[in-house]
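Asker: What follows is a single structure, and I will ask about it in a moment.
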Amino acid sequence: MGSDNRYPCVLLFGPPGVGKGTQGKILANIPGFFHLSVGDVFRSIDIGSPNGKEVYNYLSRGELVPDELTIKIWKKAVGAYEALSWYKPREDLLVLDGMPRNLAQVDIVKEYLNIYKIIYLECSDEEDMIHRIRRRAIRENRADDANEDVIRHRFQLYQQVTRPVLDRYDPSMIERIDCNGSPAEVLRSILDCTIPVQNEHFRSNM
Ligand code: ADP
């Protein structure tokens, strides 16, 4: 990495309801990984604060939060985790879920992220994912998961605005994983492609 002080990371990528959050939470429990979900960061903001109110308005409509605000909030959250030493960029591989989510963000994050791999969780069946999201709505009480129109709008946005992000990266960086396997099978595939990255990351810091 040399003088590169960007965060070494892998991206968790894929449509809503594909299981990024589930996998991210498992990875977060393995030493050497630090999982950060942009959606979780947004949901944790105090809804009474000015940023919180604005963010909630976008989330509840299934719209993307504007790029400038997204980056500002994301930087603040990463900085806070670093300051607390919960995230140690020299020791932990960042597993980033939810960013970049459009082409403008691809350019913005170049300054902050050293992306090694993109873990693309694929699911061919949109109805199956909508079903998963409905179950998640009950489990996690998410405002953006409760309404079918909002869910469908998020899928549209994914196809139109987020999916094209993949085309901006070298195909050799993209690891396609079928999300229809059991959580353990999906985890095994993710580990198969992230462990070598982690080893490389640590070697370069020894
Ligand atoms: P999903 O399961 O739908 O992918 P997330 O938890 O990743 O849900 O994101 C929830 C919401 O947070 C998104 O619908 C969007 O409103 C907002 N969001 C998350 N990441 C970003 C981002 N990088 N840029 C703008 N908005 C974002």
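Glycine too: its Cβ is placed from the backbone N, Cα and C atoms.
Feature list, courtesy of TrEMBL:
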- Gly17, Val18, Gly19, Lys20, Gly21, Thr22, Arg136, Gly181: ATP binding site (BINDING)
- Arg43, Glu63, Leu64, Val65, Gln105, Arg142, Arg154: AMP binding site (BINDING)
Asker: Please report the three-state DSSP label of Val18 (ATP binding site).
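Answerer: Assignment for Val18 (ATP binding site) reads coil.
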Asker: Roughly how many Å lie between the Cα atoms of Gly21 (ATP binding site) and Arg154 (AMP binding site), rounded to a whole value?
Answerer: 16
Asker: Tell me which residues of the chain lie with their Cβ under 8 angstroms from that of Arg154 (AMP binding site), as long as they are six or more apart in sequence?
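Answerer: Those within reach of Arg154 (AMP binding site), by Cβ under 8 Å and sequence separation of 6 or more, are Pro16, Gly62, Asp144.
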Asker: Kindly assign Leu64 (AMP binding site) to one of the three DSSP-derived states: helix, strand or coil.
Answerer: coil
Asker: From Val18, Gly19, Arg136, which binding-site residues have a C-beta atom under 6 Å away from some atom of ligand 1?
Answerer: none
Asker: Sequence gap of 6 or more, C-beta under 8 Å: which same-chain residues meet both conditions with respect to Arg136 (ATP binding site)?
Answerer: Gly17, Arg142, Asp145
